[in-house]
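Working notes, structure below.
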């Protein structure tokens, strides 16, 4: 079989997340659609997508990745990379999922374990007094925390405590993998910077501001980015001080995380997986 690394993007609102779910569920994963499209390539063996980075229900990807093996009938040559991209996209047509590119790789390559780092971006919309003020084109693509502006310098001070290697137990949600996973992670980059919204120059008069929080690490814990964003926004709102972030890290207990502070999935994008 020929092994390929593919990069793909998706608008995550309508899916249960990226990972495969049983087909009898009303909402299924992005992987279900990828594998269904791949079956149209008429492989000898069913094609399995080995996804590099899990994303939750409602989370988007500008670029996620996966590897897959394709075994064709005897005498049929391996797919050319562009041909594979075109064919998969043809069969994904009705879905907001797109294959960006494909690379032929060695049989020892693994999309998840060969990755050097992953970068996530979280989009915030500031200046909405009420949910109804979110531009219709930005619905499901950002988080608009209610109540005035945020103290960005305080958020940047707080973000410094997250950089480096720490036990992030407080910043992870518990799931079935928790007992088997080390809570230690290394955050390589945290940036908070102004950003543009879709068509935002047409409604500048409304005083809406977009900001992006960017995080890069080799890997993240379950819902770690959303919890880090929620805590930083709480600092920006004056509910926590920058030093509280350091204290939360030192507690090493997911129950110590402030209730209802986790950022919603809508503003979160997997930006890239680096190899």
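Heads up, the Cβ atoms here are built off N, Cα and C, so glycines get one too.
Per TrEMBL, the feature domain 'Pseudouridine synthase I TruA alpha/beta' maps to 9-113, 158-275. As annotated by TrEMBL, active site, nucleophile applies to 56. The feature substrate binding site is assigned by TrEMBL to 120.
For the recorded positions given as 56, 120, the lowest number of other CB atoms within 10 Å of the residue's CB is seen at 56. Reported as a whole number, the C-alpha separation between the residue listed as 'substrate binding site' and residue 56 (active site, nucleophile) equals 13 Å. Helix, strand and coil counts under DSSP for the domain 'Pseudouridine synthase I TruA alpha/beta' (158-275) come to 44 helix, 32 strand, 42 coil. Across the domain 'Pseudouridine synthase I TruA alpha/beta' (9-113), the DSSP tally of helix, strand and coil residues reads 24 helix, 26 strand, 55 coil. Across all of the domain 'Pseudouridine synthase I TruA alpha/beta' (9-113), the predicted model scores a mean pLDDT of 96.
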